[in-house]
Amino acid sequence: MGVHILSTGSSVPNFSVENQQFEDIIETSDHWISTRTGIKKRHLAPSSTSLTKLAAEAANDALSKASINAEDIDLIILATSTPDDLFGSASQLQAEIGATSSTAFDITAACSGFIIALVTASQFIQAGSYNKVLVVGADTMSRWIDWSDRSSCILFGDGAGAVLIGESSINSILGFKLCTDGRLNSHLQLMNSPSDSQQFGLTTVPKGRYDSIRMNGKEVYKFAVFQVPIVIKNCLNDVNISIDEVDWFILHQANIRILEAIATRLSIPLSKMITNLENYGNTSAASIPLALDEAIKEKKIQPGQVVVLAGFGAGLTWGAIVLKWQ
């Protein structure tokens, strides 16, 4: 039983912040940011724009393109690390788009979340459990940024991307590999940092509260540049496809220096990498489906082409998927 990508969709907040605007709050410049990250601007969600709203807009975009009603969806998987509700926002997304017949749950894996969610969805279809599955990668990382931290506040943007997949005799997903190394988890974290507590005799019970995102940029860079080319090569070897046979690479949009270094290690031209960093920044779980949707809109990806998706992020987690575009 095959898995076919039926459509894609995306959404970003209307409000955006350009590099020059950071000069008013931290010691930086447009030149410093753009040369080190490849980012020119990023879209940020105001208080009136929820994670669920962005995810629903991307989902409805994908459903509209496939001419499929929300009631026909069997399963919704929302990849996010920034839900509106700590218990998860997939059920809120289900209600928002009217997918009343579907099961819905969240996957939390930061910037690798979409890759893991798409693999999970494909396995449900191949097992015969579900027919149509909506996968959404969405994050509002701006909610968790320390705006005085120059190393991280310039990187992140908010957004959502969606992919609708279904059962088919044609198989779009040729292979995948997923990896985790929890020993490296301290390099990228958003930790519970209690500021209050309740005392029960001699025992203190802390009250939950999360801190801002903390990242060791040098270690994340070394990790991504070393591990991502390996997982891509291994994934391609498993399906007997060479690097030269790949038409497009869509990697998590972390920063341009990571993408350039990975391209060098894979011995591929940077022109084979689809990037949208300049306009969106690092949108975490949304970055890959957002870039995929734009590439399809721009008619870069054509039927019959081989596309590699690869994500990497907190955990530390990473993975790759090989697609044959149909």
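Each Cβ is built from the backbone N, Cα and C atoms, and glycine gets one as well.
The feature region 'ACP-binding', as given by Swiss-Prot for the ranges 13-17, 83-87, 253-257, sits at 253-257. Residue density at H252 (active site): 28 other Cβ atoms are found within 10 A of its Cβ, drawing on all protein chains shown. Same-chain neighbours of the region 'ACP-binding' (253-257): 36-39, 111, 155, 220-221, 224, 275-277, 280-283, 287-288, 290-291, 312-313, counting only residues six or more beyond its ends whose CB sits under 8 Å from a CB of the stretch. With the fewest other Cβ atoms inside 10 Å of its Cβ, the least crowded of the active-site residues C111, N282 in this structure is N282. Look at the region 'ACP-binding' (253-257): DSSP puts its residues at 2 helix, 0 strand, 3 coil.
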